[in-house]
Amino acid sequence: MSFSASLSRDKLFRASSEHEFIQLVSNGQIKQQQFDRWLTQDYLFVKHLCRFVAHVLVNAPRQDYKILISGLSTLEEELTWFENKFKEKNINIEDIKPLPANLNYQNWISELISSKKSYLSLITTYYAIEICYYQAWKSVKNRDYQEYADRWGSKEFEQYIDQLRVSVDNASVTASDDDKNDASHLWNTIMEFEIDFWNMAINETS
């Protein structure tokens, strides 16, 4: 079994397609306030994620430069997409402040950047974040949210996720058992943060 195949799929599904937020989007019962809360908070998180992916790149082997640079470029384009969405919705970016669950997630990412983690742990963390969004949005069939499903549930994004998976498995070949255990732990931790993030969108006090 490959290392990526050993990572918990049950936790992934609970943090993505099975989560209440995604279910509410799919069945059209999500409130606009809840959706916009997620949208604005995700924008702040993506800004922070750019810094993390840059850190992964600094620690990456030469063969992973292309995929990580591509990821950073996509994230930068995504920030512009968010900003255009806010203009459409008359949301003032200056008014967007991180809620506790988002702030906790960002602070944890910052601690990860300052720690001396193996490349396997870093690339697994990035893979976990991206595959969670892919699994969530590819399950959404509501036409009202098709633009979002097309962005994060697309074939192109699936191919990118698969490239990240290959990078994870390649990194695992020379990794120690301790590094593999740490990477598995980080995978599980990411899924908990993602669940908290969706919960925050539903309930602002989270």
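Yeah, the Cβs are placed from backbone N, Cα and C, and that goes for glycine too.
Quantities reported herein were computed from a predicted structural model and do not represent experimental measurements.
Annotated features in TrEMBL:
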type: DOMAIN; residues: 17-203; note: domain 'Thiaminase-2/PQQC'
type: BINDING; residues: ASP42, GLU78, GLU130; note: substrate binding site
type: ACT_SITE; residues: GLU194; note: active site, proton donor
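Features as recorded by TrEMBL, highlighted on the structure.
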residue: ASP42; record: substrate binding site; Cβ neighbours (10 Å): 17
residue: GLU78; record: substrate binding site; Cβ neighbours (10 Å): 18
residue: GLU130; record: substrate binding site; Cβ neighbours (10 Å): 20
residue: GLU194; record: active site, proton donor; Cβ neighbours (10 Å): 22
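Neighbours of the substrate site: apart from ASP42, GLU78, GLU130, residues of the same chain with C-beta atoms within 8 angstroms of the site's C-beta centroid are PHE45, VAL46, LEU49, LEU75, ILE129, TYR133, TRP152. Taking every pair among ASP42, GLU78, GLU130, the residues listed as contacting substrate, the largest Cα to Cα separation comes to 13 Å. If you take every residue in the domain 'Thiaminase-2/PQQC' (17-203) and average the pLDDT, you get 96. When the Cα atoms are compared, ASP42 (substrate binding site) and the residue listed as 'active site, proton donor' turn out to be 11 Å apart. Between the CA atoms of GLU130 (substrate binding site) and GLU194 (active site, proton donor) there is a gap of 11 Å. Between the CA atoms of GLU78 (substrate binding site) and GLU194 (active site, proton donor) there is a gap of 19 Å.
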